[in-house]
Structure formats: structure tokens, C-alpha cells
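What Swiss-Prot says about this protein:
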CROSSLNK  Lys91  SUMO2 cross-link
DOMAIN    26-87  domain 'CSD 1'
DOMAIN    136-179  domain 'CSD 2'
DOMAIN    186-245  domain 'CSD 3'
DOMAIN    297-337  domain 'CSD 4'
DOMAIN    349-410  domain 'CSD 5'
DOMAIN    447-507  domain 'CSD 6'
DOMAIN    519-579  domain 'CSD 7'
DOMAIN    610-670  domain 'CSD 8'
DOMAIN    674-735  domain 'CSD 9'
DOMAIN    748-789  domain 'SUZ-C'
MOD_RES   Lys81  N6-acetyllysine
MOD_RES   Ser123  phosphoserine
MOD_RES   Ser276  phosphoserine
MOD_RES   Ser514  phosphoserine
MOD_RES   Ser584  phosphoserine
MOD_RES   Thr761  phosphothreonine
Amino acid sequence: MSFDPNLLHNNGHNGYPNGTSAALRETGVIEKLLTSYGFIQCSERQARLFFHCSQYNGNLQDLKVGDDVEFEVSSDRRTGKPIAVKLVKIKQEILPEERMNGQVVCAVPHNLESKSPAAPGQSPTGSVCYERNGEVFYLTYTPEDVEGNVQLETGDKINFVIDNNKHTGAVSARNIMLLKKKQARCQGVVCAMKEAFGFIERGDVVKEIFFHYSEFKGDLETLQPGDDVEFTIKDRNGKEVATDVRLLPQGTVIFEDISIEHFEGTVTKVIPKVPSKNQNDPLPGRIKVDFVIPKELPFGDKDTKSKVTLLEGDHVRFNISTDRRDKLERATNIEVLSNTFQFTNEAREMGVIAAMRDGFGFIKCVDRDVRMFFHFSEILDGNQLHIADEVEFTVVPDMLSAQRNHAIRIKKLPKGTVSFHSHSDHRFLGTVEKEATFSNPKTTSPNKGKEKEAEDGIIAYDDCGVKLTIAFQAKDVEGSTSPQIGDKVEFSISDKQRPGQQVATCVRLLGRNSNSKRLLGYVATLKDNFGFIETANHDKEIFFHYSEFSGDVDSLELGDMVEYSLSKGKGNKVSAEKVNKTHSVNGITEEADPTIYSGKVIRPLRSVDPTQTEYQGMIEIVEEGDMKGEVYPFGIVGMANKGDCLQKGESVKFQLCVLGQNAQTMAYNITPLRRATVECVKDQFGFINYEVGDSKKLFFHVKEVQDGIELQAGDEVEFSVILNQRTGKCSACNVWRVCEGPKAVAAPRPDRLVNRLKNITLDDASAPRLMVLRQPRGPDNSMGFGAERKIRQAGVID
């Protein structure tokens with residue numbers, strides 16, 4: 001657009017305030033400003049006027065959008081449109097003194113002009129906010145409104161004056177002063193988490209800071225100790241707390257610098273296993289390093305590479321960690337050197353891995369008779385141990401139980417290093433003078449208390465005419481039977497690794513003492529490959545294996561009298577050996593009392609209820625009389641039917657008799673009084689309504705029914721109950737029918753069927769009828785049917 005200043009309707013009159021013109025002047029605001037022209041928004045009327053920059057009286061560089069100006073109105077000769085001429089910038093009014101405090105909401109972008117230069121008179125803007133009467137207001141500002149050479153950032157605290165443009169009504173912030181820069185975000189690592197709050201170890205100072213879970217900006221379920229976070233510190237109730245907590249990528253926060261070089265030193269102070277109450281030092285351990293100037297470095301329980309116990313005097317290798325926050329040095333990545341045992345005063349022992357469990361195991365010791373417990377964490381050099389591996393270790397008392405020992409600092413040894421015995425091939429004969437016993441059965445848990453020590457046995461033997469004795473251990477006996485006093489044995493002599501100590505090994509039983517006492521008993525229980533014998537006093541039961549029975553095991557029956565000897569096997573358990581079936585020579589000492597009593601079983605035999613500790617059963621007299629309430633014991637001999645299984649609470653009839661070597665009055669000839677009804681009968685078996693144990697029904701086979709009677713449901717029967725020793729299940733035998741049950745009466749036809757039949761109308765001619773036109777034909781003993789199958793049309797009869 002071209003403009004000629006001489007084309008104005010002012011006849012060359014200058015029209016400035018100092019001139020003589022009486023033309024009316026108006027005021028307005030620069031709305032748009034370009035290189036050579038611009039536009040003015042009139043203040044007194046709704047008009048927008050063009051002006052040429054040549055009409056401005058002053059430095060054009062000082063003129064910008066929003067400035068108040070005074071001007072005259074003229075008209076363009078070419079277009080006739082009104083234009084503004086003779087522009088004068090109006091001086092700004094004095095700003096009010098009241099200043100507001102606020103905060104930068106959106107800062108003016110940095111380097112905006114270099115990226116996209118603005119046109120003359122146009123400046124980038126930002127926004128600030130302030131609060132008044134609980135309400136927040138937002139204002140714009142430009143870089144020219146900031147006092148001093150200050151670059152504002154979002155979040156900065158500021159002080160400013162509110163400016164209201166009377167021409168446009170726009171409100172903005174002017175004379176902005178920076179009060180406080182926004183606090184930088186801090187970083188740290190979550191070190192502890194409680195129910196509703198946690199603590200962060202700060203990355204700038206050696207200090208922890210509290211934070212509430214409501215301040216965590218993210219999924220709280222994913223937050224866990226060790227996570228890197230950033231946060232803002234605020235003051236609440238006089239204490240610093242972390243707010244606006246956010247997760248950082250793992251590895252962002254680094255507290256310390258670890259040296260690449262490895263150092264060697266000596267442990268001068270170990271970390272106590274049980275810290276004292278007044279111990280506040282987080283790094284209680286000490287390692288001495290021989291630098292030019294000797295120095296002691298602290299270390300904590302997390303600075304060791306493994307959980308192997310450290311001892312004073314240990315030679316170790318480590319790195320030095322320097323804390324970035326306070327420059328504190330400490331030893332870390334500590335590992336025990338292989339030659340450390342040359343400098344410590346510990347007594348090392350050897351053994352073989354005997355058992356491995358989940359996280360712990362047991363070592364068979366060369367110099368100890370008990371197996372030594374150890375934790376996997378005590379294995380040196382990160383080796384993985386297996387059963388039969390040879391190891392070296394140190395024995396220390398358990399911190400939780402001083403009566404127990406356990407192995408620490410376990411080092412794997414080459415195969416063939418550990419030797420339990422060095423014995424000759426020469427065999428000796430001797431006689432047992434003292435029996436050897438085992439320790440308590442081994443447990444898989446280290447927290448069962450102190451185990452009982454095993455006791456050595458003594459063997460007397462003759463060597464070149466000299467009578468000598470030698471010790472032997474129960475674990476060195478061959479076979480399952482332990483030798484007893486007076487038994488003849490064969491053995492070898494071995495030198496253990498303990499200096500100057502000889503023991504008998506490979507001990508084999510040659511013969512029992514001929515003077516050993518033979519005992520009588522009665523077969524009480526028969527299992528698959530073992531059984532139990534009731535003693536002659538009828539108060540205990542003795543285990544025996546079928547391999548100890550002389551004769552055909554199938555010929556043994558419950559109640560048979562047997563003769564046996566006692567022996568102690570592994571685990572100090574007493575068992576019967578050399579069991580022989582004998583005749584009843586020392587049975588009942590007196591005739592049974594002919595009086596028959598009625599009673600109730602208040603405790604069954606142990607073979608019926610294995611959970612009870614007592615072997616004998618007990619019967620209480622229930623019939624009226626002087627003896628009512630008296631209780632008498634019974635055993636397998638007292639049963640009329642030795643295979644009968646008496647349950648607690650069953651009614652019985654019995655006699656009294658003096659039995660056993662101690663002449664004890666016991667129940668004898670016990671017969672149960674059982675009556676019940678038949679529940680149902682299948683093909684070859686049935687069930688009786690009788691409760692035994694957890695079962696409400698009692699099984700019986702039809703071959704157990706006496707006299708070949710066919711039982712029906714509802715029949716009342718008497719029977720005996722036998723216990724299958726192999727399966728542990730009970731069944732009925734010797735089933736007698738006492739009386740027949742009620743005959744089954746045909747049930748009447750249900751009413752619904754009767755009503756349905758009544759509603760059928762046979763005379764209804766319209767009802768559908770089914771008529772048989774041809775009976776089906778079967779095969780005629782030929783190679784198929786004579787009539788060929790053809791495709792027929794439905795509903796059409798040939």
C-alpha cells in the first residue's frame with residue numbers, strides 16, 4: 001500500500017499541540033504496528049483508524065502495541081476514508097503503590113526470539129497468578145514487565161503490580177520482582193515402608209526424610225524399598241517432609257563411588273551377631289589396611305559378598321566405597337581370602353556331607369559322633385555342595401541355643417582328603433561287655449533342642465595272650481541287630497584321625513549268649529512283614545520281624561503262644577528275635593470264674609486304636625450289683641474270638657480270670673453283644689447298619705453268613721467284627737440271622753400315574769392309533785436276509 005503524506009485535507013498545517021490549529025484531537029491505543037504503518041483503536045468511539053509511521057512525533061522504536069496516543073482525524077484523498085494524523089504518545093500515569101505476591105504459572109519461553117523472531121512491537125507473554133479472598137486470579141506479563149535482568153521460571157515466587165488498561169480493559173502484571181526461586185527437585189532411595197508411610201534416604205545429604213503414601217504419584221502397589229524416587233521438600237509443623245514423590249528409572253540415584261582397585265586387609269572388629277541395645281553405629285565392623293599411613297575402615301552387615309561368618313584376624317579382600325554426600329570411606333564387597341585360616345586361631349575339623357535339606361544340611365564329622373548342622377550361607381567360595389562331598393569347617397556354639405553346635409566357614413576339599421578310619425585286614429574275636437547305644441533319632445530341623453549323645457560299647461578280646469578291651473560304636477555294627485552283653489562278635493581295629501585312639505569297626509554278631517533269657521508271649525498283631533507279641537504279663541507289646549520267626553509265618557495266628565528273646569536294634573528300640581511257636585504250658589494259672597458279667601469297653605486294644613499309648617484294653621462292669629463300675633484290663637488272650645475287633649463303647653459279656661506272671665485279675669472269654677439290621681445285600685456282599693470308626697456301615701461277605709441263609713434288607717443279625725491288619729479296615733464275620741425283617745410290600749402306584757390313567761380316553765375316535773402291520777423278522781440262518789433292503793417313500797405301504 002502506498003501513502004503520500006501530502007494528500008491529507010489539512011492544507012499543510014502541522015496540527016501539533018504547539019500549533020495554532022483548533023482541530024479536535026482524540027485518544028486511542030496502538031492496536032497493530034507494522035514496519036511503516038499501523039492501526040489505532042479509538043477510546044471514545046468504536047472506530048479503527050489507519051495511520052502512517054511518518055505521522056508519529058517521536059522515536060518510532062519507542063512505540064509499541066498497547067501504547068496510548070493522541071491524534072487528529074483526517075481523510076485520505078484517494079479513498080476518502082478517515083485516517084489518524086499527527087500522533088503523539090501519551091505519558092503513562094503513575095502506577096499505584098499496592099503490590100501483590102504471586103507465582104509464575106507459565107514462564108515466557110526461553111530464546112523465543114532466536115527461534116521465531118517476532119514482528120516489531122510484539123513481545124512473547126507469560127502468565128502469573130495470585131490469590132485474594134480464597135480465589136485465584138491469573139494475569140499475563142511480558143519480558144519488559146520484569147524488573148532487572150532476571151529470567152523467571154515456572155513456580156517462582158514473585159511480587160508485582162496489577163495494571164488495568166483503561167482503553168482495552170485488559171489486566172496485566174507489571175513491575176514484577178523475583179522473591180524466591182522455585183526449589184529444585186531432590187532425589188533419593190526408598191529405604192523403609194510402613195503401613196501408611198515410608199522413609200527416603202536423600203541423595204544430597206546423609207539423612208532420611210518422611211513421606212506419606214498419599215504424596216506418591218503413581219501405583220503404590222509397585223513401590224518397594226530400593227526404588228529410586230524424586231520429590232520436593234516442604235515444611236509441615238516444623239518438620240521437613242517429602243511431597244510429590246515420583247518414581248525414577250532404576251540406577252538414577254547413586255550415593256557412592258566404588259573403587260576399581262581391590263585392597264587387602266585384616267579384620268580387627270567383627271559385627272556382633274546380636275547387637276546391643278545401645279549400639280547406634282550403622283557400620284560397627286573394622287578392617288585394618290596397611291597404607292603408607294595405616295588406616296581402619298568401617299563396614300556394615302551389607303558390605304560382605306556372602307553371609308559367611310567373619311572372625312577377627314581374617315585376611316580379606318575388598319573395595320573402598322566413598323559416599324558422595326559426606327565423603328565417608330568404608331570397606332565393601334568384602335570376601336574372605338583362601339589363606340585366611342593360616343592367620344586365625346580357629347580349630348578346623350573335617351567331615352563329609354551326610355544330608356542336604358532346603359537351605360541347610362548335616363555333616364558327618366571325623367572327630368565327632370553326632371552330625372553337625374550347617375547353613376548353606378556358610379559355604380565359602382560360592383561352591384555348591386552335594387552329598388558325600390568332603391569339607392573342612394569350624395564348629396561354634398549356636399547363638400540361639402548354647403547347648404547346640406553348628407558348622408561355619410565350610411570349605412570344599414578335594415576327593416580323598418577325608419579319612420574316617422585306617423584299619424588293618426586282620427579280624428579279632430571278642431565278647432561284648434557293654435552295649436553301644438545310638439543318639440536320639442536325627443531330626444531335619446535345627447530347633448529341636450539338644451540331642452542325646454551316643455554311648456560307646458566295650459568289647460573284651462585276647463591278643464597274643466593279653467586280655468584287652470576296645471570301644472565300638474553302634475553305627476559300626478553290621479546288620480540290623482545290635483550285639484548285647486555276652487554276645488560273641490568279630491571285628492577289625494581302626495585308628496581314627498584323633499591321635500592315638502583305636503576303635504572296633506565292622507563289628508559282626510557271631511552268636512548270642514547261650515545264657516540269654518527266653519520269654520513267652522502271645523501273637524497280638526500280624527501285618528505284612530512284621531507283627532507284635534503280647535508279653536506274658538499282658539501289659540505290653542513287642543515288635544518282631546517275620547525274618548526272626550523260625551517256621552512258616554503263614555501258620556501264625558492271633559493268640560498263638562510264642563517264645564522269644566529281646567534285643568536292641570538301631571535307635572535303641574527293643575524288639576523280639578528268635579521267635580518260636582510253642583505250646584501253652586504257662587497259660588492260665590487258675591480256672592476262670594464261672595460268673596458271666598455284662599460290661600462296656602472303655603478303652604480298646606492298641607492294635608485297634610494305634611494313637612493310644614497303653615497297650616491293654618479296659619472293660620467296665622455295667623450290670624447292677626456290688627461290682628458295678630469296676631474296671632478290668634484285657635489283652636489278646638482274653639478274647640473269645642482272637643480276631644474280633646472290640647471298639648470303644650461296645651457292650652460285651654465276659655468272665656474274670658487270673659492271668660500273667662504277676663497274677664493280675666483280667667477280663668477273659670470276652671464276647672461282644674452286637675445286634676444290627678441289614679442295610680442292603682448286593683451280589684456277593686452286603687452292609688450292616690453298624691458304626692465302626694468313621695464308617696456308618698459295616699461290610700460283610702455272603703460267605704460269612706452262617707447256615708447258608710440268604711439275608712434280606714431289614715433282617716436282624718448278630719456278628720463279629722474283624723480288623724484287616726494290612727488295610728486297617730473292619731468287616732463283619734460269623735453273621736447269624738436272629739430274626740427276619742418285615743416283608744417288602746409292593747408300593748402303591750403313585751397318584752400322578754393314577755390320575756394320568758384316569759384321563760386317558762380309549763373311545764376317542766380322533767386319537768392317534770398305532771397298528772402293527774408286520775412283525776419284525778429275524779435272521780433265517782442264511783448268509784443274510786432274503787429280502788433286499790429298498791428305499792421306501794414315507795407313509796406308503798407296498
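Using the three backbone atoms N, Cα and C, a Cβ is placed for every residue, glycine included.
Stretch with the largest number of CB pairs closer than 8 A to the domain 'CSD 3' (186-245), among 26-87, 136-179, 297-337, 519-579: 297-337.
The residue listed as 'N6-acetyllysine' has a Cβ environment of 9 other Cβ atoms inside 10 Å. In sequence order, Lys64, Thr142, Pro143, Glu144 are the residues of the chain that are 6 or more apart from Ser123 (phosphoserine) and have a CB within less than 8 Å of its CB. You'll find the Cα of Lys91 (SUMO2 cross-link) roughly 29 Å from the Cα of Lys81 (N6-acetyllysine). In this structure, the C-alpha atom of Ser276 (phosphoserine) lies 98 angstrom from that of the residue listed as 'N6-acetyllysine'. Averaged across the domain 'SUZ-C' (748-789), the predicted model reaches a pLDDT of 68. Here the domain 'CSD 2' (136-179) has long-range neighbours at 27-29, 41, 43, 66, 68, 95-96, 98-108, 110, 123-130, meaning same-chain residues at least 6 beyond its ends whose C-beta is under 8 angstroms from one of its own.
Packing around Ser276 (phosphoserine) is summarised by its Cβ count: 8 other Cβ atoms lie within 10 angstroms of its Cβ, all protein chains included. Lys91 (SUMO2 cross-link) carries neither a helix nor a strand DSSP state and counts as coil.
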